[in-house]
Every structure is written in C-alpha cells, then in structure tokens.
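Copied over from TrEMBL, here are the features:
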BINDING   A:K7, A:F8, A:G9, A:G10, A:T173, A:D174, A:Y179, A:R184  ATP binding site
BINDING   A:T47, A:E74  substrate binding site
DOMAIN    A:264-347  domain 'ACT'
2 protein chains.
Amino acid sequence: MALIVQKFGGSSVADVSKIQNIAQKISKFYSDNNKIVVVVSAMGDSTDILLEMANEINSHPSSREMDMLLSTGEQVSIALLAMALDAINIPVISFTGSQVGIITDNIHCKARINKIVTDKITCALDENKVVIVAGFQGRTIENEITTLGRGGSDTTAVALATSLNADLCEIYTDVDGVYTTDPRIVKEAVKLNEITYDEMLELASLGAGVLHPRSVELAKLYNVPLSVRSSFSNEEGTKVVNTTLLEKEIVVTGVTRDLNVAKIGLFDVPDIPGIASKIFNFLANEHINVDMIVQSAMRNDLNDIAFTIPKDDLNKALEIINRIKDDIKISEVVYADDVAKVSIVGAGMITSPGVAAKMFKILADNNVNLKMISTSEIKVSCIVDADQADKSVQLLHESFNLANLK
Amino acid sequence: MALIVQKFGGSSVADVSKIQNIAQKISKFYSDNNKIVVVVSAMGDSTDILLEMANEINSHPSSREMDMLLSTGEQVSIALLAMALDAINIPVISFTGSQVGIITDNIHCKARINKIVTDKITCALDENKVVIVAGFQGRTIENEITTLGRGGSDTTAVALATSLNADLCEIYTDVDGVYTTDPRIVKEAVKLNEITYDEMLELASLGAGVLHPRSVELAKLYNVPLSVRSSFSNEEGTKVVNTTLLEKEIVVTGVTRDLNVAKIGLFDVPDIPGIASKIFNFLANEHINVDMIVQSAMRNDLNDIAFTIPKDDLNKALEIINRIKDDIKISEVVYADDVAKVSIVGAGMITSPGVAAKMFKILADNNVNLKMISTSEIKVSCIVDADQADKSVQLLHESFNLANLK
C-alpha cells in the first residue's frame, strides 16, 4: 500500500468523457489498495474563457478579483471528477484549496505556498476515500483566495506530496514523459526514462512545458519521488530522480525552445553602483520575473543592459521602466517580442568543456543570429529570432545525437 | 445616506455588457452617497451548463459535490462585477458566501441560513467600498460549501439586509415590478405599485417567479423594506410593504400560474392514525416540499390522498413511495405531471366571502376541470390540466377586473 499524489492537467479533464477516463484510471490505483490524493487543474480552455471576459470588462483587473474569478475553474473540475468517481462507486471527497488549508502568502495571482494543513486530507484518507484537491489555488491566513500562477497545479501536487510524506507524486499530462525535445518540432525526439531534478529544472524553466519549474524545485528540495506520465495511456513515463547513471555518459539530455519571451534593451545606463539593482528591484516589486540579464562592456561610463521577461509581462515592465526612465537617466528603451529562447540542457556539461562553443558553431554555421547568451553549469541558452527557433532546435537535436538517447 | 442591499439575478448579469450596465447603475447609487451591498446570481444559463455536465457524469450526483460545483457560478459573477466597478473607478471588493460568513445548516442544495457574520462587510463599507456578495451560497460551521436552493440569491439579499439593518433591499430582475399576472399570458396585466408581504408571499409561492417565497417570508419576519425593480430601466418598481391601503378596496390582487407541479394520488390508504404523517415525514426527510394536500372522504376505512410537489422531485417522491407502499398498504399510486396550479391572491379575500365560489364558477363555465382545490385566507389555488392553465389565467384576470388595478 502506497500513498500516491496524482496530478491531472487541464487537457486531461477537458470534457466529460476525459473526466470519466481519469476516474477509471484512479479507480485502478485505488483498487490496488493505494491511498490516493488527486490534484486537478481547470477544464481545458475554461480559464481562457474567464480571462477573456475579465479583459473585456477591465484592461487592468485587480489581481485579487482575478484570483476570485480563476479559482472557480479548478472547483468545477474537482466536483465533476468527484461525481465521476462516485458514479463508479469509489468513495471520494473534493476540497478547494481554501477549504483544505493550502495557506499561501498574499501575492495574488503569483502566490507561494507557506504551509498545508493536512488534517482534512488524512482524515478522509483514513475513511478510505479518494481525496480530490483543487490545484493552482490556496488562501491567505485572512481567508483571501489566491492562485499560484502558471503551472500552479504541479506545485500543489508536489507540495501535497511533501506535506503528506507521499511515496510518489505522479504528474499526468498529454504526453507520455519527458522528451529530448518537443516531438512536434523534431520527430526523432525520444522519451527519457530517467532525468535528474537539476536537468528537469532547467528543462522546465526553459519552457519544456511538461512540469512547472517551481514544482521541480520543490520536489528537489524535499526529495519527492516524481514521475511524468500520460493521462491517455498506461505506459511508464519519465522518472525524475536525484542522480542518474546517465550523467557519466551523456553531455546533452534535451533541447528546448521557449516562445513566451520578450527582450528589453536599455541604452546608455549610467555606470553608477546600484543602478541595475534599482531597475530590477522595481520589476521584482511588481512580481515580474526577469530571466536572462546581459550587461555589455562599458563605453564612456555608460552601460547597455538587456534582459528577458515572460511575454505577458512586457506591457507592465515597459510601464515601470518608462516611469523610472528619466529618474535614472536611461537614454533609450528598446524591446522585441518576436524572439525565442533556445537551450541545451545536460548534467554532463559540468565535466565536458566546449559544449557551449559547439552549440554556437552549429547555429552560426546555419545563419542563426544569437541576440543574447546565458549559461549555467548544466545549460546554455540563446535568444534567437522567433522564426528561427524551430530550425535551431532541429539542428541542435541532430548535432548532439539526441535521437539515440534512452 | 442609506445602506441599500441590491440583488441582481442571472438574467441581469448574463453577459459582459449587462454586467457593465449594472456597474453603471450601482455607481449612481454609490455617487449619491449610499452604502451599497450587492448580491449577484450566476450568469444567465451558466448554472444549467454545469448541471448538464454533472448529470452526464452521474445520474445521482452527491448533493455535497453539487454545491461544490454550482457555487462557482456566483463566484464568477462577483469577480466580473467587481472588475466592472473597478473599471469605472468605484472602490469595490467581492466575497464568496463562505468567505463572508454566511453560515448555514448542513442540508446541501437546500441549506438554510443560520447566521451571517457581518464583520468583513461592515469593515469594507467603512472603507467606502461597494461590497459584492455571492448569492445562493454559504458554508456550514465545518466549512463545507452549501447552496440555498431555488431563489437562494433573493434569500441571501434579504438575510443580508436584515443582518446589516439595511434601509432598503432592492431586488432587480428582468421585469419592472410585480404584475397582476404574467404579462406574457395576459397582455392587459398591470404593474402594482404596492403589495403586502402576505400577498407577495402567496404570489411568490404560486410561481409568480419574481421573488422567492423564502425571501419574502424572511422580509416579512424581520420587516425588511423590499422593492422589486427592473435591471434594465430606471422606473420605480413595486414596493412590498407591511400593510397597504389597497386592502380595503381590492379583493383580488393577482392571478398566477405554476407549471412546475406534479400530482401524486395514493388510493385506498388505511385509515389508521399517523399514516398520513408517516408518508409526509418520509418525503420531508428527503427534503421534498409537499404543497397542496387533499384527503378525500373515507370509504370502508380507506382514504384516498392526493398531493402536489415540484415537478423536479417527482421521480424521487415516487421512489420513496414505492419503497414504503407495501409496508403501509397503499393499493395504488397514480401520478400526473401534465398539470398546473392556477391561483388568485388578495389580502381583501379575508373579508369578502364568495371569492372562491366566483373563481370556480368562472372556470366551470369555461369547461376547465378542477382536479384539486386548496385555499388559504388570502388565496385560492386549483390544479387544472397544464394545457388549460393560460386560458384559466386569462379568464380570471378579466373576470376579476385586474386590468384596472394600480
């Protein structure tokens, strides 16, 4: 008997028949004498429909009311999934994030989980019920409804797995595991049987889209056994593990592409200590995640600073910068949202020099212009024109021989 | 400066432009220095869409999960209305029923309000905010989400008005007041400027559909000044008052028709004390509201009992009766759902004998067959064939000269 947390994303609960399909899947695990906690996202495109109405009504909706609105999506899913399990005689109970005691900070739309009160869940598990928890949402100690931002349901699942000391956390999605790259871009992409937390973290951050980076970070921190599987098949997925034997041999494990990127350039920023910190603090205060930052060589005591942010945050970021622009004497602000981030990831890079150089050469030989470069111990990322992103991924996947990985 | 509770029904918030229209209406009251608490229902047919999915998944969904599902409807409305008010610079905050502290009993889908914790509302009003509360919903002391059943949002509004000691409770709807009968059936129907709680209570119970009977009951009990108005015009509506001058002159104030009626007949029920109470207790335990009850003259120590219930509850009621049928020796159970209840209502009836007789004669003269009759001090109701209901209403409206009322 094991305690398993299973998370199903929006595409897995997109309609009535998919919800029934998932209920069947859960019932098999339940019948095998496991204790099951299920985390679900909002149905298919229901969140988009709500967002559309909100934006029609208010171009700058309050983030508190946005949380009030969006949290209804998962509440619909948990109720319907509970009804589907009940229909096949599986004892079940559903809880909203507020109800079950997922306590967050008070940053609406991007809240972080502070703690989870597990009493209600353990009590229901003791009664042999499947427990369904709404993903993506929680509440502050003042009982204000919050949401966790992008990929929040993954985070809910991992946080629950940690708090409940679960034996396994399974993330069900519409693909059957983690691939060397997006199979829609490179048809030779292969599924990985195992991947390290660190590699997954880089892949997740880079827009592989299978798992949210926050959830991987949390899983790594608390050593939660994580597995990525398909909602629509019974195949084994990809295990995310602490260390892997693969590390010895393989330098590059995956190639990713992220189109949700915008680039902002600030020209002629005075070279005064604290200026960069000031700019990025203003952005951080508005909860804009700055990703890559590049500062060019100084000319005449002036710096050029370029950085990337999620495309959604571009307008907000430009507003902030225009507000402080004169104050900190930036001569010009430029931006682009027709760019993409292409990255290679692999734990083996640490011990294999020249990987970045090989990447740059492959891209240069094929006339891909690199607009920004950023590296970590286990990844190299480049900003390229959006329309060259797929081509770059295909070239790198082939050149690093990823089709022959396992 | 007055404290006004305003309730807007589903048709008043059916789409984005209607929500914006209501925001404008609310802003006028706010700008006139009133303190405003707004109660809203779910958008248009959103509840029906949720119900449809639920029924597709489970033919007997658990009432707890049904509440979990349906309560999302109002939560969407309150968030969108808050965004609409914010867009025109009216300070505003929304609350779910759970959040604001509308504490109910634990009868899911038909919960009754036990008390309302008003701290959050009064605090927000003190900050000069418009407060939006989700209608139709509350929570138990164990923090389980409940809904109040049909017309629950009206009840929420009146209960809030009482708890907050409001100066006025306005129910906005898609008609501009209470009419002598449904203008879609009788085009000569006229709007009443005033009506007593008792008359409104009878009209509401009889399916006039403008106000839910529970809300009128509550308003009467706590003497809440109530007003029925149109969401789509600025006309004065109908005031619901304690006593009215009309009472002296006018015998019949309204004619109603209710198609949501099913009739069950039990033949040859043994004439043993407590049998009727046993039957109706079984129904009450399953929260089926029995309306009219008629027991015929006894033959050979056997009674025939007939009663009416809401059409929705017919299957459930038949199930219960078939379960207990043999035990209490009922020889035959018959039922009909192609019936309607036609009623006349008027506070003046108490002092005007012969009103019921006049009603029966009008219907008999026009070949309308009366299947059941039930009377109270201020109303007479008859069960007729559903296809004769509209004709009956037209005849009664004309014969009692209601087109000339004010």
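Glycine residues also receive a Cβ, built from the backbone N, Cα and C atoms like all the rest.
DSSP assigns A:G10 (ATP binding site) to a helix in the three-state reduction. Remark: A:F8 (ATP binding site) has A:I22, A:V38, A:V39, A:V40, A:S41, A:Y172, A:S231 as non-local neighbours, by Cβ distance under 8 Å and separation of at least 6 in sequence. Between the CA atoms of A:T47 (substrate binding site) and A:T173 (ATP binding site) there is a gap of 17 Å, rounded to the nearest whole number. Its own atom aside, the Cβ of A:D174 (ATP binding site) has 13 Cβ atoms within 10 angstroms in the protein chains shown. Fewest Cβ neighbours within 10 Å among the binding-site residues A:T47, A:T173: this applies to A:T47. Reduced to three states, the DSSP call for A:T47 (substrate binding site) is helix. Spatial neighbours are here defined as Cα atoms within 10 angstroms of one another, and by that definition the neighbours of A:E74 (substrate binding site) among the binding-site residues A:K7, A:G10, A:D174, A:Y179, A:R184 are A:G10. Note on the binding-site residues A:K7, A:R184: the fewest other CB atoms within 10 A surround the CB of A:R184. DSSP places the residues of the domain 'ACT' (A:264-347) in helix, strand and coil in these numbers: 26 helix, 31 strand, 27 coil. Long-range Cβ proximity for A:G10 (ATP binding site), meaning a same-chain Cβ under 8 A and a gap of 6 or more residues, is found for A:S41, A:A42, A:M43, A:G44, A:D45, A:S46, A:T47. Residues A:K7, A:F8, A:G9, A:G10, A:T173, A:D174, A:Y179, A:R184, recorded as binding ATP, reach a greatest CA to CA spacing of 24 Å. By neighbour count, meaning other C-beta atoms within 10 Å, the densest spot among the binding-site residues A:G9, A:E74, A:Y179 is A:E74. A:E74 (substrate binding site) falls within a helical segment according to DSSP. Under the DSSP three-state reduction, A:D174 (ATP binding site) is assigned to coil, being neither helix nor strand.
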